[in-house]
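Asks: My questions all concern the structure below.
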Amino acid sequence: MSKYDETAAFLGQRGPYFWITFALFNIIYVSTGYSGLYIVFVGATPPHQCYIPEDVNISLEWRKAGIPLETVDGKIQHSKCRRYRLDVLLNLTDLEQEGCIDGWTYSNETFHSTIVTEWNLVCDSAWKVPFTSSTFFIGFLVGSFVSGQLSDRFGRKTVLFGSLAAHFFFIFAHALAPSWRLFCVLFFCVGFANISVYLSAFVLGTETLSRSMRVLFATLGTFLHYCLGYMLLPCVALVLRDWRPLLFALAGFSSVYFPLWWFISESPRWLLSKGRVKEVEAILRDAARWNKCQVPEVLFSQAEREETHNVGLDEPTLLLHSFFFLFRMSINMGYFGLSLNTSNLSGNPHLNCFLSALSEVPAYLASSLILKYLPRRVILSACLVVGGSVLLLIQLPLSLALEMMGKLSFTMSFCVVYIYTVELYPTVFRNAGMGMCSSAARIGSITAPYVLYLGSVNKFLPYIVMGSVTIGSCTVNLFLPETLNKQLPETIEQMQTIRGCANASARKEQPGCHNRS
């Protein structure tokens, strides 16, 4: 099978067609930024204490005295889950405590309403908050796997715009959720659609753009525009401090992407792998018209047309690669752990979220430069070591600065791992391979809210767990092959193998390599 890069070489590496395609995909990624982390505001827990009904005939001073004091992290504060029994409040010798049987009062200084205040997800129900976040990442896990399979079967463009439609619908329905249980179900669906958009757009973009623009797309393109959506989120949340109007606004933003269907083409690499050569030729001729290039009289010979149908799948190779990508969950645990924790930091949560997003920009700029010159394996291992070390040192002074430094390291890791995965897998199974690796990585995303919940035991425990897992996993990357300055593989035969194993044909004679998968 002829390499697509060689066939499309007449288009050049830059030009209007590539830049327009680059811009359209970047616009889509803004939606994944704000929808992926809106739970930071929608699920925030404001300061609260037990509610004392207005009809109880006691003075304001006695109302304040009705909430007992307790020591939390060495600080004395009013209890959030207990109060003195109202019927014996005047008996100062032996005041008996009781739970918040009349509900809670919440501070509306920062948040006017959240799912926590609407459904009282505090005290004995506080476990529901990290569970809610996990349902989103469970949707990530399922969506990563399913969308990859669908994309390789039905096409990248079809899955992308189907996911965009689902993304809009489920966020809109999310704003109408009448109960916490339905909110979780819909949040699962939002996560499913969000990662489906992310992966299908990423693969479609990397397969459509030229080799020289691939790294630019994976750093200053996708991730930087994801970051713009991330920074947009606290700005909108600052204006709309009730969770339902906030979700309606975010759903409205997601509806603007539908007209892009008529401007984005299907992946020519995927079409070629399916033997749909005429459609590939039409795309290449249209691209040549935009780039003002001369199209060769014959793009694909008859032998190449027939050969495009003979593409097979080496499942042991896929499983072997997926096994190693399981260890990428540490990146997700660290990244989402730090991102979801912004509402718990001291200071204004909207500003903290914006600064957390802003801290990613230098990471994207740096990644776009170093990915052009340095090996992927070395960059990825270095970022994970630095990120894990920073997390272990977070108990030192300047914890906010260390947290932002850790976020920068994990962000760079994300840049590298996505472009690395695309460069490892062949066209015939690239989206499914991305999906399987992303599904495995979601173990880290799902556990991240619960790792943060360990902070109720010891405020440094979440950082110790995330830092240890991160440093422990970075050594696995040294076993993967290097892809710097390599063309995208089209077939299994062109796919690189794990270091220590021979090529695909040789592995058939080495059962040990198959057994490891």
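Just so it is clear, glycine is given a Cβ too, placed from its N, Cα and C backbone atoms.
Just so you know, TrEMBL annotations never went through curation; they're auto-generated.
So TrEMBL has the following annotated:
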{"type": "TRANSMEM", "residues": "17-41", "note": "transmembrane segment"}
{"type": "DOMAIN", "residues": "83-485", "note": "domain 'Major facilitator superfamily (MFS) profile'"}
{"type": "TRANSMEM", "residues": "127-146", "note": "transmembrane segment"}
{"type": "TRANSMEM", "residues": "158-177", "note": "transmembrane segment"}
{"type": "TRANSMEM", "residues": "183-204", "note": "transmembrane segment"}
{"type": "TRANSMEM", "residues": "216-240", "note": "transmembrane segment"}
{"type": "TRANSMEM", "residues": "246-264", "note": "transmembrane segment"}
{"type": "TRANSMEM", "residues": "318-337", "note": "transmembrane segment"}
{"type": "TRANSMEM", "residues": "378-398", "note": "transmembrane segment"}
{"type": "TRANSMEM", "residues": "404-422", "note": "transmembrane segment"}
{"type": "TRANSMEM", "residues": "460-480", "note": "transmembrane segment"}
Asks: Are there residues at least six beyond either end of the transmembrane segment (246-264) with Cβ under 8 Å to its Cβ atoms? List them, or say none.
Replies: 20-21, 24-25, 27-28, 30-31, 34-35, 38, 41-42, 157, 160-161, 164-165, 167-168, 171-172, 174-175, 204, 233, 236-237, 240
Asks: Considering only Cβ pairs within less than 8 angstroms, which of the stretches 17-41, 216-240, 378-398 has the most against the transmembrane segment (183-204)?
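Replies: Per the Cβ under 8 Å count, 17-41.
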Asks: Residues sitting near the transmembrane segment (378-398): Cβ under 8 Å, six or more positions beyond its termini, same chain?
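Replies: Same-chain residues near the transmembrane segment (378-398) but 6 or more away: 330-331, 334, 367, 370-371, 405-406, 409-410, 412-413, 416-417, 420, 460, 463-464, 466-471, 473-475, 477-478.
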